[in-house]
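Working notes, beginning with the structure itself.
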Amino acid sequence: MQALLFISYGAILGASLRWAIGLLFNPLFSSFAFGTLIANLLGCLIIGVLLGFFWQFPQISSEWRLFLITGFLGSLTTFSSFSSEVVELFFNDKWLNGFCVLMMHLFGCLAMTVLGIWIYKICSQLLS
């Protein structure tokens, strides 16, 4: 039961941030939901930093991992929204736009995760 509370508290914060990002960035472009991309890229950057941290400090309580990764980042990033936005572009015969959004999410998120790991490694070396 305690694990569920940690996940839930993280999810409240992650979903709230995702909603705010959507409100802020989605109106910028009419062709696709820019907020979803920002949320996914930011989430992948943060998960990269957290992966580096948890790899270096495996003794950190599993509750933090549940709170930050499963709860917060699980609700901040949104594969289902991304998927529906790409499919909607395809169904509206906007194949190039859909493919571009697909590639931005895929390669951007992978790159941000790697960047997050590198940022953590550099920061941990500078601080030690």
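Here the Cβ of each residue, glycine as well, is placed from N, Cα and C on the backbone.
Cβ neighbours within 10 Å of G74 (Na(+) binding site), excluding its own Cβ and spanning all shown chains: 18. The Na(+) binding site annotation in Swiss-Prot covers G74, T77 and rests on sequence analysis.
Distant neighbours of the transmembrane segment (5-25): 33-36, 38-39, 42-43, 63, 66-68, 70-78; these residues of the same chain sit at least 6 beyond its ends, with a Cβ under 8 Å from one of its Cβ atoms. Per Swiss-Prot, transmembrane segment is recorded for 5-25 (among others), and the stated evidence type is sequence analysis.
Under the heading transmembrane segment, Swiss-Prot lists 34-54 (among others), citing sequence analysis as support.
Per Swiss-Prot, the feature transmembrane segment maps to 67-87 (among others). Here the transmembrane segment (67-87) has Cβ contacts under 8 Å with residues 6-15, 17-18, 32-33, 36-37, 39-40, 42-44, 46-47, 50, 98, 101-102, 105, 109 of the same chain, all six or more residues outside its ends.
Residues annotated as transmembrane segment in Swiss-Prot, with sequence analysis given as evidence: 99-119 (among others).
Sequence-distant neighbours of T77 (Na(+) binding site) (same chain, 6+ apart, CB under 8 A from its CB) are R18, A39, N40, G43, C44, C109.
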